[in-house]
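Report on one structure; see the data block that follows.
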Amino acid sequence: MTIQTATLGYPRIGKNRELKKALEAFWSNQLDAEALLKTAQDIELQNWQKQLEVGIDRIGIGDLSLYDSVLDWSIRFGIIPERYRSFTGLEQYFAMARGKDGIPALEMTKWFDTNYHYLVPEISEAFQPTDFSDFLETVRRAQTLLGDRAVPIVLGPLTLLRLSRLETNLEQAVSYLRDRYLILLRELKNLGVVEVQIHEPALVLEEADSFKSFYQSTFDTLRQANLPLHLVTYFDDLGAAWPWVMELPVTCISLDFTRGHNLALLKEYGFPADKQLGVGIIDGRNIWKIRPESVLSTLETIQSITANIRLHPSSSLQFVPYDAKREVKLPEPLRDVLSFAEQKLDEVVLLARVLNSNDGTNREILMKNPELTAIQAQWKAFEQFSPVNPTVQARLRNLSVRDLERPLPYEQRRTLQPTLPPLPTTTIGSFPQTAEVRQLRVKLKRHEITQAEYEAAIDEEIAKCVRLQEEVGLDVLVHGEFERSDMVEFFGQQLSGFAFTEHGWVQSYGSRCVRPPIIYGDIARPQPMTVREFKVAQSLTDKIVKAMLTGPVTMINWSFTRTDIPRSEQAMQIALALRDEVADLEAAGAKMIQIDEPALREGLPLKAERWNEYLSWAVDAFRLAAGVAKPETQIHTHMCYSEFGDIIEHIERLDADVLSIENSRSNNETLFQITDAGYRHQVGVGVYDVHSPAVPSVEQLVQQLRTSVANLAPEQIWVNPDCGLKTRHWEEVIPSLKNMVEATKTIRQEVMQSKNNA
């Protein structure tokens, strides 16, 4: 039986971030809608052509999005909240994504356990009419180039519901969507597609079993389209849902064999003879080449159970960059073992070709393939190249529990820490980076300016930022982070064991792209990383300047990590480096140090049974970094896009003096969770959404702060934006901060009056 190949999605931003540039030009009225759509279609066409050239048999299409594919499907199914219905077309689309005219955007949160963000649909009874026209047109264009290889990718109905905020009865919502999905599938059948991928990653969640009846009734309805359905899951295993998922009326079921325990489940339960198994064997979320021996072992086991398989990446390839061959400045032993999207296509095709060209799957025979032998040799060369640091290894071996503890408990530390006005105001750390600031880094990289000239220019930006914060009236200042291209990249560039790409961009959300570092060896800090800029800022003001660090867990979760040692060990190596930085900042006069952990929660395994293991080492890594701080030094941390209710005990164990939170876009849910848990430490309540260009009014901010005061003791509360301000423009930031300070003054007076009346 010939083994076919498939893809489940592809990078969306363009090899040179063409979509990002087009979006930002469109938002600044420098590009019209027609040109924006043309850019997106050109990227789509290039993606299809590449997959066709490589020889992929079933090419997933329709996943490219101007901002977010969940938003795309929300609009197609008429899930449009009333506040956006006065807009139409792209104006409506981007109002939902970014907010407009004082109307807030949809809530944004992380896509499962990845660093991609999606916009949370709000489902009420008032559905708008469906409109699949853009998707159907995409399918037609794909068929023109790809013919029967074109396979539409559709976000599954139960995953769409699971990701949504339901404001109606679940059964009604399922019934509505079920009928409209059937309409869509019939439209696709009329176009002559050979199959449709229904992406249901929600099936790997623990609660999937409770949706069993909904899945069964939904797929019983969808089968009426008489169209082959390919059920796609990824990010983890099916768990307890395995037996009934195998009985769903679909022709192919795809599973992720790079995460979770699907291989063990396959051994236990077998696989139905009437279905094809989609084998997600190439890791769609990391950037390393396959380990031939390991991959062939897995495939040997799978084929001993079912011969009817197709091969594909474990997930969409949107989580990896385009092409590792472009990274010519990386050391050759490292570059040779990298696999970005284009290389992963090659790996899928290679494995299928090797299996199809051999009689049977004996590993010894298969491993004689010259291409697989070459990959083995590349891995051996890399292992000799990858740095090992004996000092770091010794420090890890000698760690004790005392290294993870602050000298005094929180209640005693607080009395020693700086005294500030009630409800002190601050920011999360970064300020807008203009084109001129970004150009400074480019000039330095090209050796067009010296390091001294670069630092002098950065110092001017710091001085301007400090003056601005003083003029606005903030209580605790920051230096603005103008020297940092990215909160992870900046630190990684100064740590041994990290490597950086030139073209390794991936989408975080909308037009925001990041270049995750690559961890390839032991991590150490050769010299201080942030002390110089902190000292410059603190010398310019009598107010406290908060020093800014990125935490070890966020650096792990936002990097492409090693696969030869546990992530926990890599996190502790980073924590040791940050621990030394905290000590140096204290010695330089820092009274407040923020260790950001915005990605703490996103690293949670999708199944709660594995949470404690992750949270144990994640919290320990933070505590190791912060534990060196003196009791009079106030340690802050920041978390965004987080639901805290189910991990609050672990957040408390971080033992941070001040926790700042994303809050405004989640309708205060985060605030309420912290309140319900009886959290005792100080909380920086995110009072406005920095991901929207809208400037919050004083009245809006006053109402937000009143909610905070109603839920937390005033002496617990700090006032800050939701997140860093780097991606905003100065003309948005300045009035927003002024309004925030003005609103805080109003609330301070109300709190004082309330105390006097008590």
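Positions of Cβ are set from backbone N, Cα and C atoms, glycine also.
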Could you look at E652, E662, E699, E742 and say which one Swiss-Prot places alongside H638, C640, C723 in the Zn(2+) site?
E662
In Swiss-Prot, the L-homocysteine site includes I428, G429, S430, E481. Which of D283, D596, D620 does it also list there?
D596
Return the residue out of E470, E471, E602, E609 that Swiss-Prot annotates for the same 5-methyltetrahydropteroyltri-L-glutamate site as R17, E18, L19, K20, K110, R512, C513, W558.
E602
Counting only residues 6+ away in sequence within the same chain, which have a CB under 8 Å from the CB of R17 (5-methyltetrahydropteroyltri-L-glutamate binding site)?
W505, C513
Taking the Cβ of E481 (L-methionine binding site) as the centre, how many other Cβ atoms fall within a 10 Å radius?
25
Cβ-Cβ under 8 Å from L19 (5-methyltetrahydropteroyltri-L-glutamate binding site), same chain, 6 or more residues apart: which ones?
R12, I13, T39, A40, I43, L66, S511
Can you name the recorded positions among K110, E602, H638, E662, H691 whose CA is within 10 A of the CA of D596 (L-methionine binding site)?
H638
Length of the line joining the Cα atoms of H691 (active site, proton donor) and I428 (L-methionine binding site), in Å:
13
G429 (L-methionine binding site) to C640 (Zn(2+) binding site) - Cα separation in whole Å:
13
Using Cα coordinates, what distance in whole Å links K110 (5-methyltetrahydropteroyltri-L-glutamate binding site) and I428 (L-methionine binding site)?
19
Which of the binding-site residues I428, S430, E481 has its Cα nearest to the Cα of E662 (Zn(2+) binding site)?
I428
